[in-house]
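Here the structure is laid out as structure tokens; the discussion comes afterwards.
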Amino acid sequence: MSILALVEDRPTPREVYNWRVYLLAAVASFTSCMIGYDSAFIGTTLSLQSFQNEFNWESLNTDLISANIVSLYQAGAFFGALFAYPIGHFWGRRWGLMFSALIFFLGAGMMLGANGDRGLGLIYGGRVLAGIGVGAGSNICPIYISEMAPPAIRGRLVGVYELGWQIGGVVGFWINYGVDETLAPSHKQWIIPFAVQLIPAGLLIIGALLIRESPRWLFLRGNREKGIETLAWIRNLPADHIYMVEEINMIEQSLEQQRVKIGLGFWKPFKAAWTNKRILYRLFLGSMLFLWQNGSGINAINYYSPRVFKSIGVSGGNTSLLTTGIFGVVKAVITFVWLLYLIDHFGRRNLLLVGAAGGSVCLWIVGGYIKIAKPENNPEGTQLDSGGIAAIFFFYLWTAFYTPSWNGTPWVINSEMFDPTVRSLAQACAAASNWLWNFLISRFTPQMFTSMGYGVYFFFASLMILSIVFVFFLIPETKGVPLESMETLFDKKPVWHAHSQLIRELRENEEAFRADMGASGKGGVTKEYVEEA
């Protein structure tokens with residue numbers, strides 16, 4: 001099998017790869033547009049002279065204030081990810097998305113009331129509420145997409161979540177360049193970027209009213225008829241089609257196995273997480289993936305991009321904003337390639353390994369240049385020398401390695417590697433761990449740059465090297481594996497051969513199942529499907 005082949009667990013009718021699955025993923029991914037925009041715009045907005053003048057920036061401890069404004073958002077997101085578990089369990093994925101959008105909308109609206117007379121209090125409070133909203137969304141959105149996605153393109157569809165993140169990021173990075181170029185320094189100049197947060201939240205509120213509920217959640221809650229009806233609509237197939245019969249059978253078998261082993265109640269997954277070593281082990285793996293993701297330095301760059309580029313030698317407000325905007329565009333373009341091709345063809349594991357290796361080399365080079373040339377000491381307006389241009393090149397090359405690997409892939413893996421009855425709790429833990437590591441990195445990044453200088457780049461480069469060892473020995477490939485077979489996948493050893501072993505077994509079982517169906521007369525297997533098998 002080619003390393004770039006699209007992996008199907010069984011012959012899949014073309015109707016399954018239809019516009020409906022992409023539409024549902026796109027609507028749900030307005031969640032990530034909120035996250036991407038918020039993470040991108042805040043650092044550059046804080047660097048606008050109009051914002052600093054209105055809040056008398058020079059009289060404040062700017063490192064502390066910047067860190068607080070950024071990190072309160074992550075603190076809210078940590079708790080939002082946990083609060084989303086009962087919402088997703090009892091009310092469903094669709095209403096969970098609605099909840100996240102409403103809370104974010106409220107927080108974004110609160111920030112618009114801030115000004116020099118009122119101080120930063122409304123921004124602090126709004127950041128916490130917005131964080132709760134995006135934390136809840138970061139839990140529910142990947143689950144929703146993975147539960148309705150066909151296995152062969154599940155990575156691509158969950159990747160739409162990441163694409164939304166990058167689209168929001170591009171707008172967030174460029175909007176401050178736009179207002180800085182076109183508007184005089186004023187309250188209006190810096191409040192516009194805050195107001196734009198309302199747009200993706202409003203679109204998600206409208207979209208959540210129109211999309212279908214997750215069929216797997218409907219099965220989990222005992223609403224079998226509605227689950228079959230919804231699944232048939234999403235797959236664009238009649239309920240008695242052989243592909244549908246197989247999928248319904250797999251869902252119900254998985255739920256029955258989990259009912260026997262764990263139970264289906266609200267508290268059962270908590271008990272399973274602490275008593276079932278397999279689940280606890282995968283929770284550990286999911287949390288560690290987000291440690292390594294944040295350990296790459298991405299959020300230090302996202303939230304404090306003007307300072308990052310200044311450390312390389314990029315000076316001048318507009319120049320820094322422009323360089324930051326280009327960084328956002330590079331990420332978005334590469335994410336599009338990752339989404340359309342790499343995640344489901346090259347695979348999750350291979351992307352993580354290659355991205356960590358290449359990204360680490362780039363950060364060592366950038367840090368080495370800063371250590372030798374000390375560009376942060378250059379006078380304002382100094383042109384980049386050849387070394388500085390090379391450092392910028394390797395920074396963008398780091399972006400090219402990081403974006404299609406560690407940026408979205410941990411979200412894909414966490415959304416798919418747990419059984420249905422613990423998936424909501426597991427994703428809550430995974431999302432919360434992401435925001436915890438995100439908080440720790442973003443809270444102390446300003447102090448790290450002040451005290452460590454070039455050492456910050458060496459620190460992140462070293463963590464990327466360690467992530468290679470972690471992935472190689474502990475993370476199996478998951479592309480094309482049905483959600484109901486993930487426990488079997490993680491049981492197989494060695495890890496680097498687990499995927500090929502499982503796919504071979506699944507195809508053998510599928511052939512036997514279809515042969516039995518044909519012999520019993522319960523389902524027709526067309527010649528086309530037999531030949532594909």
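Every residue number used here counts from 1 along the chain in the order it is shown.
Yeah, the Cβs are placed from backbone N, Cα and C, and that goes for glycine too.
According to Swiss-Prot, the feature topological domain 'Cytoplasmic' maps to 1-21, 89-94, 149-156, 213-282, 407-431, 476-533. Residues annotated as topological domain 'Extracellular' in Swiss-Prot: 43-67, 116-127, 178-191, 304-324, 371-385. Taken from Swiss-Prot, the feature transmembrane segment applies to 22-42, 68-88, 95-115, 128-148, 157-177, 192-212, 283-303, 325-346, 350-370, 386-406, 432-452, 455-475, supported by sequence analysis.
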*asked:* Please determine whether the transmembrane segment (22-42) and the transmembrane segment (157-177) are in contact (criterion: at least three Cβ-Cβ distances under 8 Å, sequence separation 6 or more).
replied: yes
*Tally of DSSP helical, extended and coil residues in the topological domain 'Cytoplasmic' (213-282)*: 52 helix, 0 strand, 18 coil
_Candidates 157-177, 283-303, 350-370, 386-406, 432-452; stretch with most C-beta pairs under 8 Å toward the transmembrane segment (68-88)_ = 432-452
_Distant-in-sequence neighbours of the topological domain 'Extracellular' (43-67), which means Cβ under 8 A and at least six residues beyond its ends_ = 115-116, 119-120, 172-173, 176-177, 179-180, 185-187, 189-190, 193-194, 302-307, 317, 320-321, 324, 442-447, 450
_Checking distant contacts: for the topological domain 'Extracellular' (116-127), what same-chain residues at least six beyond its ends satisfy Cβ-Cβ under 8 A?_
54-56, 65, 68-69, 72-73, 76, 107-110, 187
*asked:* Can you tell me which parts of the same chain pack against the transmembrane segment (432-452), counting only residues 6+ beyond its ends and a CB-CB cutoff under 8 A?
replied: 63-64, 66-67, 70-71, 74-75, 77-82, 131, 135, 138-139, 286-287, 290-291, 293-295, 297, 299-300, 303-304, 307, 311, 410, 459
*Restricting to the same chain and to residues at least six past its boundaries, which positions have a Cβ under 8 Å from a Cβ of the topological domain 'Cytoplasmic' (149-156)?*
6-9, 12, 16-17, 21, 25, 235, 339-340, 343-344, 348, 412, 416, 479-483
